[in-house]
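Here is what TrEMBL records for this protein:
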| type | residues | note |
| --- | --- | --- |
| BINDING | His54, His110, His215, His219 | Fe cation binding site |
| TRANSMEM | 9-31 | transmembrane segment |
| TRANSMEM | 37-57 | transmembrane segment |
| TRANSMEM | 78-109 | transmembrane segment |
| TRANSMEM | 121-138 | transmembrane segment |
| TRANSMEM | 159-180 | transmembrane segment |
| TRANSMEM | 192-213 | transmembrane segment |
| TRANSMEM | 234-254 | transmembrane segment |
| TRANSMEM | 266-285 | transmembrane segment |
Amino acid sequence: MVDRLMRRILLFQSNLAIVISLLVALLTLGMDSHLNSAMLLVALSLVVLLGVPHGSLDVLFARQTYQLVHVKKWIKFLGLYMVSSLLIIALWNLVPGPFFVIFLMLSAIHFSDDINLSGHQLLKLSYGFAIISLPSLINGEELTNLYGMIVDAELAQQIVLISKYVSLLLLPLLLMLFYINKVNLRNQLEISSISILFLLATPILAFTIYFCFMHSARHLVRSHFFLDSFKRQHFIYALIVPTIAVIMMGVSVWYWKLSPSFEKDLIQIIFVGLAALTVPHAWVLNKAKFSEWATSNYKKSIF
């Protein structure tokens, strides 16, 4: 009964992500791809409201995995989580170039778990790296400008150039792997729609739509069933309190920087903030064996 309910919810989420991805991709054709303050504010708002909350559930994953029933254990976990996030921010400031490259690669691996492709590791990784590299093919100039707000312009150009070559390899590879691995129609539709989104839409918009309606939404649905020992109020508190804390930290950092460059500040807050949260987030999920659970419980499912 629970498995059937989860599949129904995931089916709705899948259809929603596919439709929104294709609509956004088509509607942005011919649209000015240059960044502006309005686009960035919309992107940041969506990421905060629909994207960040999925990471807020880390407190429940940690409580279930590490049996955090005593205050000392909670202090230790939260301390390690915050220290790792601060370490990421420090490393980004010390060596932004190399760390940004590593962050992109880790993100690709992390995103590859969105689609349940049990036994098809190469296809999973190809999908994850396609998310990172495909924007470079059509919107390479805009992607270079975007990366240039995070690292120096020369490195940004090199990353985008390499991404173009990677994309040219990944597109035929994905089609070939579809055929060889006999991937089901649902997975083909999801991978294809997300690929079209990242090919056609402006990079920041494509990432926002993907992050909110595929990555975060799917994680929230799966988490609800993985963390089935918790009550509804636990989920509500876990979603709201850490999200508010992240918002307050972001506003504080923005106020502290006091830079005249509005767009650059927003981009750095989005990317550096996500990097600081993604690494400990992925670590918690790995310790909880969340990916293994999703695979083992839904090998026969379209998800």
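Residue numbering: from 1, along the chain as shown.
Each Cβ is built from the backbone N, Cα and C atoms, and glycine gets one as well.
Using a Cβ-Cβ cut-off under 8 Å and counting only residues 6 or more beyond its ends in the same chain, the transmembrane segment (192-213) has close neighbours at 13, 16-18, 20-22, 24-26, 28-29, 31, 33, 35, 39-40, 42-43, 46-47, 50-51, 127, 130-131, 134-135, 137-139, 142-143, 146, 171, 174, 267. Neighbours of the Fe cation site: apart from His54, His110, His215, His219, residues of the same chain with C-beta atoms within 8 angstroms of the site's C-beta centroid are Gly55, Phe111, Asp113, Asp114, Phe211, Ser216, Arg218, His281.
If you look at the transmembrane segment (78-109) against the transmembrane segment (266-285), you find at least three C-beta pairs under 8 angstroms, all six or more positions apart, and that counts as contact. Tertiary proximity for the transmembrane segment (37-57) is limited to same-chain residues at least six positions away from its ends with a CB under 8 Å from its CB atoms, namely 202, 204-205, 207-208, 211-213, 215-217, 219-220, 223, 227, 235, 238-243, 246-247, 250, 262-263, 266-267, 269-270, 274, 277-278, 281. Counting C-beta pairs under 8 angstroms (sequence separation of 6 or more), the transmembrane segment (121-138) reaches the transmembrane segment (159-180) with 3 or more such pairs. Note on His219 (Fe cation binding site): other Cβ atoms within 10 Å of its Cβ, all shown chains, come to 22.
Packing against the transmembrane segment (9-31) from elsewhere in the chain are residues 186, 189-190, 193-194, 196-197, 199-202, 205-206, 209-210, 213-214, 217-218, 221-222, 301-303: each is 6 or more residues past its ends and has a CB under 8 Å from a CB in it.
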